[in-house]
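Q: So TrEMBL lists these for the protein:
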{"type": "BINDING", "residues": "12, 100, 195", "note": "[4Fe-4S] cluster binding site"}
{"type": "BINDING", "residues": "42, 78, 128, 223, 224, 225, 267", "note": "dimethylallyl diphosphate binding site"}
{"type": "BINDING", "residues": "42, 78, 128, 223, 224, 225, 267", "note": "isopentenyl diphosphate binding site"}
{"type": "BINDING", "residues": "42, 78, 128, 167, 223, 224, 225, 267", "note": "(2E)-4-hydroxy-3-methylbut-2-enyl diphosphate binding site"}
{"type": "ACT_SITE", "residues": "130", "note": "active site, proton donor"}
Ligand code: F3S
């Protein structure tokens, strides 16, 4: 069986930066309790490795209340809400911010455009940490989960809207939104906030899905960008499967299969991608 990799896959710039930052913090803050605030990236293998290095994980405001001023916190790549920053400052907890620069950029655009008098529209998953974090910096943000949701529910087309999208939004959907804005939202503007890593990986899986029999998409089940890769792939190739670990791979997927395509989300470590390749070569 031939294995073909997507041209672009795996760790993105933001995840690499966040993990490098953690290593620096571990070195610099030896002997102290170091906590990640939520999953630093949405990948269980990465998190397990960090837990093994002694980092602890905390999840909510109550946990922050219990920290003391000697503890160290690392803020995840997706960012956190304004309230959490405030809480950390109040508790005088030292923190290192591993929020990806593209997430910070969306946040800054939102604050600036709201000050300029725009009604902000955010397109994305309201339950995702990135969206919760960015939106918390605004005063009155309208959230639509996708283009359909926006089209069906938007009112007052002449209003001065400013549209921002989640960094992992499907780029084709983003292009549809641009077209819609040009036609119907004549007083509105839009920022290009879909991150390059997301776009490159979506384009690469699009190409891959057309030339292989089946596509394996490796990444956390809670990883937004991996889910988007799966959706892009599935639209082109019905035999697309999203897995997080090799145990999820089923032999029957590979019946009559000659070529297997592999791609991986932006928070999937290379070692997991290699494990998948090894497993397919040896066990299927
Ligand atoms: Fe940042 Fe894009 Fe990665 S927003 S964390 S570079 S997927």
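Backbone N, Cα and C define each Cβ position, glycine as well.
No curator has checked TrEMBL annotations; they are predicted automatically.
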Q: Please report the distance from the Cα of residue 128 (dimethylallyl diphosphate binding site) to the Cα of residue 12 ([4Fe-4S] cluster binding site), rounded to the nearest angstrom.
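A: Taking the Cα atoms only, residue 128 (dimethylallyl diphosphate binding site) lies 18 Å from residue 12 ([4Fe-4S] cluster binding site).
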Q: Using a Cβ cut-off of under 6 Å to any atom of ligand 1, determine which of the binding-site residues 78, 100, 167, 224, 225, 267 qualify.
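A: Once distances to ligand 1 are taken from each Cβ, 100, 167, 225 fall under 6 Å.
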Q: Can you grab the distance from residue 100 ([4Fe-4S] cluster binding site) over to residue 167 ((2E)-4-hydroxy-3-methylbut-2-enyl diphosphate binding site)? Cα atoms, rounded to a whole Å.
A: 10
Q: Taking just the CA atoms, what is the gap between residue 195 ([4Fe-4S] cluster binding site) and residue 225 (dimethylallyl diphosphate binding site) in Å?
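A: Distance between the two Cα atoms comes out at 10 Å.
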Q: Between residue 224 (dimethylallyl diphosphate binding site) and the residue listed as 'active site, proton donor', what C-alpha distance do you get in Å?
A: 10
Q: Starting from the (2E)-4-hydroxy-3-methylbut-2-enyl diphosphate site formed by 42, 78, 128, 167, 223, 224, 225, 267, give every other residue of that chain whose CB sits within 8 Å of the mean position of their CB atoms, in sequence order.
A: 41, 130, 168, 220, 222, 226, 265, 266
Q: Of 12, 42, 223, 267, which binding-site residues come within 10 Å of residue 167 ((2E)-4-hydroxy-3-methylbut-2-enyl diphosphate binding site), going by C-alpha to C-alpha distance?
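A: Correct set: empty; none qualify.
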Q: Same-chain residues six or more away whose CB lies under 8 A from the CB of residue 130 (active site, proton donor)?
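A: The answer is 78, 79, 103, 124, 166, 167, 168, 224.
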Q: Name, in the order they occur in the sequence, the residues of the same chain whose CB lies under 8 A from the CB of residue 225 (dimethylallyl diphosphate binding site) and which sit 6 or more residues away.
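A: The list for residue 225 (dimethylallyl diphosphate binding site) reads 12, 168, 197, 198, 201, 219, 265, 266, 267, given in order along the sequence.
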Q: Once the chains shown are all counted, how many other Cβ atoms turn up within 10 Å of the Cβ of residue 267 (dimethylallyl diphosphate binding site)?
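A: Other Cβ atoms within 10 Å of residue 267 (dimethylallyl diphosphate binding site): 30.
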Q: Taking the Cβ of residue 223 (dimethylallyl diphosphate binding site) as the reference point, list residues of the same chain whose Cβ is under 8 angstroms away and which are at least six residues distant in sequence.
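A: Once residues fewer than 6 apart are set aside, residue 223 (dimethylallyl diphosphate binding site) is near 41, 42, 43, 265, 266, 267, 268.
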Q: Looking only at DSSP and grouping its letters into three states, which state does residue 42 (dimethylallyl diphosphate binding site) belong to?
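A: In the DSSP reduction, residue 42 (dimethylallyl diphosphate binding site) maps to coil.
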